[in-house]
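Data first, discussion second: the structure below is written as structure tokens.
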Amino acid sequence: MVFRSPLDLYSSHFLLPNFADSHHRSILLASSGGGNGAGGGGGAGGGSGGGNGAGGGGAGGAGGGGGGGSRAPPEELSMFQLPTLNFSPEQVASVCETLEETGDIERLGRFLWSLPVAPGACEAINKHESILRARAVVAFHTGNFRDLYHILENHKFTKESHGKLQAMWLEAHYQEAEKLRGRPLGPVDKYRVRKKFPLPRTIWDGEQKTHCFKERTRSLLREWYLQDPYPNPSKKRELAQATGLTPTQVGNWFKNRRQRDRAAAAKNRLQHQAIGPSGMRSLAEPGCPTHGSAESPSTAASPTTSVSSLTERADTGTSILSVTSSDSECDV
């Protein structure tokens with residue numbers, strides 16, 4: 001029976017990538033092709049001696065096999081044995097990084113599957129962040145979220161890998177929540193998922209993200225808002241360059257500001273209605289003495305006039321908006 005290794009799926013140029021210099025390439029070629037060639041020669045020698053007896057052929061074959069094994073380089077004692085080639089953990093990590101950068105997830109998965117499962121080899125592999133990150137990437141793209149969570153929760157990653165791993169952590173939980181609810185998640189749903197499944201400290205440095213803009217940025221946004229509460233995309237891009245924000249952040253700030261101003265206008269309208277003629281009469285009914293209970297027509301009509309004028313100005317987009325009444329310290 002002929003045993004075919006999983007690494008037979010890969011071509012020789014893939015198994016000898018650019019990270020190996022000429023010296024290491026010769027070593028790897030000697031340990032693979034050179035060794036097999038030497039063994040084949042010994043076997044042929046044993047076969048030619050078959051006329052002298054079966055024992056001679058067997059001895060020749062054994063000698064050939066021994067000759068092939070003696071070609072292993074002595075400096076590779078720290079390497080672990082793969083089915084056909086000797087790779088150090090650093091070289092395996094380099095292969096994983098290359099495949100991850102190129103986006104060849106299918107080939108990356110096959111390569112990881114072909115790695116040895118011996119306890120000593122696994123321990124050496126798990127010390128390399130690139131290999132662990134590659135396992136997490138494959139688990140995410142194959143939908144094996146349980147393995148993804150296990151890798152991310154039980155291994156400490158450096159800050160350079162946090163962004164990508166955090167995105168996979170959140171997206172995996174989003175997909176599970178969508179599958180459970182049977183519908184796409186909205187912003188509020190995603191917020192609840194993030195609260196329910198916070199980032200593990202292995203991929204998060206504990207620093208809270210702040211959405212508070214600097215005073216200069218908020219001042220500039222307010223000035224533009226007073227000029228035009230509904231900026232077009234070109235103005236958003238221009239304002240984004242001036243403030244250092246993204247066009248999306250600028251659009252969100254204007255949207256939130258308009259919502260706050262509408263809420264403030266509605267609150268003011270209710271207050272004006274409460275102090276109108278009916279409100280004054282309701283205060284006078286219990287017998288409380290009031291001065292000037294007879295209201296002049298101009299005074300009685302003033303709240304209505306102010307509300308209507310405010311409505312007209314809001315419709316035309318030229319209302320004089322308050323800068324401090326509905327402004328907040330933190331804007332998203």
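Count begins at 1; order follows the chain as displayed.
Keep in mind that glycine also has a Cβ here, set from the backbone N, Cα and C atoms.
Swiss-Prot assigns the feature DNA-binding region to one of the listed ranges (146-205, 206-265), namely 206-265.
When averaged over the DNA-binding region (206-265), pLDDT in the model lands at 89. Per DSSP, the region 'Disordered' (232-251) is made up of 16 helix, 0 strand, 4 coil.
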